[in-house]
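Colleague: To start, I am sharing the structure in question, which I have written as structure tokens.
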Amino acid sequence: MENTTQIVSFVLAAYGNIGHLKYLYFIIILLWYLLIFVANSVLIVVIFRDRRLHQPMYIFLCSLFVNEIFGSTSMYPCLLSQMFSDTHEVSVTNCFLQILFLYTSVSVEYCNLAAMAYDRYISICYPLHYSVIMTSGRVCTIILLVWVYSFVKLAFTFSLPFHFTFCGNIIDKVFCDLQLVSNLACSVSTFHSVLDLLFGIITIALPLIPISFSYLKILIVCLQTSREAKRKAICTCTPQIVSLLNLCCGCFFDMFQSRSNVAHIPSTLRVVLSVYLLICQPVLSPIMYGLTLSKIRNACKRFLLNRK
């Protein structure tokens, strides 16, 4: 007979026994989290203060930087607290909250990149109508829809597994994962399995449709324009494409580890792959946009040097 004892907490087994290295890991994780927080916060403040950056593309970037902080804060404080824990336990409620926030962050990231791709599509393909189509009110509405849509969709999706009866509490990761938590359930209905698949399609595949459409149209237009116009289009679109590719790689690593038998992979590599997305993406975004886009780069110089 299956053990259906009431589970009140999960054990994050991937930490293992790290001994005195926990102090080194704690310092590295803390410094990395501070770097993420400061880098994204500086760019948000710079865009907010510089009126020359009060344009749709940079407003979308503000939303992206806010999401990088939001997603990182969903995981890094937990990592830091678990470094000095002997049991590495996390309550069921906190585990599901972490899953909700992490998956919401991923959904917002994809949808935000889709909105930015649409913005570049209008700017490059319909430059004369850009100011009419991408008004401040429409941009704010798109950003609001991105966040509300992600929260509502994921809150509904996670309301079902929250009521599962669990027959185990060992999660082989350093943070809570929906698929691994679902695997601990004593029974999973066909409806939930289908819903889980639908959730993945909606979260990842659905935003890729407008992204692919936008960049395909941009490519067609660039092939018919001058070299200078091509260069400008490449400069503005490259950071978004790099961010998208890195996001897709991070999601692939996470889904591969959660849905495959990875016992043959070294434990250290498994941990790195599982947190790859939340290590690289929050730092990659401010680096790519802060260094590549000349307007933001110059605005940062003015801000840091206190020049008008």
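These residue numbers are counts, starting from 1, taken along the chain as shown.
Glycine residues also receive a Cβ, built from the backbone N, Cα and C atoms like all the rest.
Here the structure is a predicted model, which means the values were calculated and not measured.
Annotations for this protein, taken from TrEMBL, read as follows:
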DOMAIN    39-289  domain 'G-protein coupled receptors family 1 profile'
TRANSMEM  23-46  transmembrane segment
TRANSMEM  58-76  transmembrane segment
TRANSMEM  96-118  transmembrane segment
TRANSMEM  130-152  transmembrane segment
TRANSMEM  197-221  transmembrane segment
TRANSMEM  233-256  transmembrane segment
TRANSMEM  268-292  transmembrane segment
Colleague: Could you check if the transmembrane segment (197-221) is in contact with the transmembrane segment (58-76), meaning 3+ Cβ pairs under 8 Å among residue pairs at least 6 apart in sequence?
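Modeller: Checked: the transmembrane segment (197-221) vs the transmembrane segment (58-76), no contact.
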Colleague: Does the transmembrane segment (268-292) reach the transmembrane segment (58-76), going by 3 or more CB pairs under 8 Å (6 or more apart in sequence)?
Modeller: yes
Colleague: Can we call the transmembrane segment (233-256) and the transmembrane segment (96-118) in contact, meaning three or more C-beta pairs below 8 angstroms at a sequence separation of 6+?
Modeller: yes
